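To start, the structure itself, in structure tokens.
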Amino acid sequence: MKLISQAVKNYLPELSLRQKQTNNIIFITFWSQFSVYALNTILVLFLTRPLIAQGLGYSQAKAYAFIGVTQATGYLMPILGGYMADNIIGVRRSILLGSIMLACAYLLVMLSGYTISSLGDQLFIIAFAFIPATNSLLMGTASSMVSHIYSDDAIKAKSAMTIYMAINVGALLATMIAPVLLESRYGPLSVLTLTFIGKSIAALNFAKRYSIYDSVIWGMDKSKFSNQGLLRLVAYIAAIYSLTLYAYTHVYIASTLIGAGCAIGILWFLIKTIMLKGETRSKQMIAVLLIIEAIVFFIIYNQMNSTLVLFAENNSDLSFLWFKISPAQYQMLNPLLILLIGSQLPRFYRFFSRFTIPYQFAAGTILSGIALLVMAFAAQNAINGLVNGNYIALTYILISIAELWVSAIGLSMIGLYCDARAIAFAMGVWYLASSMSNAISGRIAGWVAIPENINSALESLPYYKNYYLIMGISALGLGILMYFVAYYLHKIMKRRGIELA
């Protein structure tokens, strides 16, 4: 057996240290994102399932608000976690501690699943609230490590794309598997167990290969982790956990506070932008406008894992081409399309050189509006309250294409349009916009929450039809307005001799 193993090793090409370091990061990224998407894919179904079926028994309105708050807090975490990694813990140490603590958090979430029938959501919320604080140490630090590994090499860009692909492969597999497990005899418990296994594999893998990064450590990783640093870490986790626990148990208050806080942050960025001079101010003002436009798009985008899932469950025949699928499995179209189309974007942009970022944001919003109007059209042509599931698939496809024109280039837009001296602040504002959109969409989705006394597809259909019609027309109208704004911005910038990417 040993001889066979050695023969296989001799046959395979010897990887360089850099490749081993990068492949390890890609591996933990894959498993980490697999777990995240496995839970998020079925979360709204889990929240609204009755307690007798191992769900949390939330009303639809509360479930939407809860998802909005959990996603909103998730987008706030990279700002705080990045500071901890850079100034107190160290990037490599942050990945190790973050992945281990995150696996422990998911273990607690899994164990809480066994208490739902007797304690409801109490232990689940207590455990689930650990995730943002621990995940903050991992978000962004993995890609920072890869960037540092290839800081003097052109292959860096390829590595970044590989990580991007790993995220979406993990998401694709999760969206295919998790809904099937949810409908199995073990129900939500099987999904919670799967997420714990994925996070554990990621943590154990990095811990085992921790030493291969000895050649690329920098900053705080070069010094021993002091007792003072440990106390700061404990205080940080405790503070974030306390805030998150309050937010998760008071979702309506939390969504209002998060939305208001993010709005203040964006307003402060606008004030700082007005204080700039010349071309820098002109371009950053456009960035502020695009950030606001992105909020509109993200509100539509967030329908994919919330209202569209329950619409598929309550008012569709669950068809996709020639197959019958789970309500949550339509979400697999998102990572699938990103994998198929994403790599072709550079070629597309070279061919359509005048399709600049302001036009892309407008087109993305218009397309997302059309996607929701497809849902309204499907509802209009429903039979016995059930729409053809292929309309839902088309909606996911259109929103996923729109994502490539907005979300996928958001941070690139920040780098191109914002003052280089405050680029970290500008990127933080982009995350604030993402967080704000989730807080808003969680509350807006409550408009289509079906009352508990309505149990038939014929009765619930008008709620969805009116909701998607209003949302679709609003997004389409705002997208068209964005197009004309983009047109006039280009004319103004051209007169000033400023070229927009």
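Glycine too: its Cβ is placed from the backbone N, Cα and C atoms.
Small disclaimer: the values here were computed from a predicted structure and weren't measured.
Record features, source TrEMBL:
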TRANSMEM  25-48  transmembrane segment
TRANSMEM  63-83  transmembrane segment
TRANSMEM  95-117  transmembrane segment
TRANSMEM  123-150  transmembrane segment
TRANSMEM  162-182  transmembrane segment
TRANSMEM  188-208  transmembrane segment
TRANSMEM  229-246  transmembrane segment
TRANSMEM  252-271  transmembrane segment
TRANSMEM  321-341  transmembrane segment
TRANSMEM  361-379  transmembrane segment
TRANSMEM  429-448  transmembrane segment
TRANSMEM  468-489  transmembrane segment
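Highest Cβ pair count under 8 Å relative to the transmembrane segment (229-246), across stretches 25-48, 63-83, 162-182, 188-208, 468-489: 63-83. Contact between the transmembrane segment (429-448) and the transmembrane segment (63-83) is supported: at least 3 Cβ pairs lie under 8 Å, counting only residues 6 or more apart in sequence. Sequence-distant contacts of the transmembrane segment (95-117), counting only residues of its own chain at least 6 positions beyond either end whose CB sits under 8 Å from a CB of the stretch, comprise 28, 32, 35, 51-52, 54-56, 81, 89, 123-124, 126-128, 130-131, 134-138, 141-142, 145, 188-189, 192-193, 195-196, 199-200, 202-203, 206-207, 210, 233, 237.
Beyond its flanks by at least six residues, the transmembrane segment (63-83) meets 43-44, 47-48, 94, 98, 128, 132-133, 135-141, 144, 236, 240, 244, 247-248, 251-252, 254-255, 258, 262, 302, 305-307, 428, 431-432, 434-436, 438-443, 445-446, 449 of its own chain at Cβ-Cβ distances under 8 Å. Against the transmembrane segment (188-208), the recorded stretches 25-48, 321-341, 468-489 differ in Cβ pairs under 8 Å, and the greatest number is found for 25-48. Counted as Cβ pairs under 8 Å, contacts with the transmembrane segment (25-48) are highest for 162-182 among 162-182, 321-341, 468-489.
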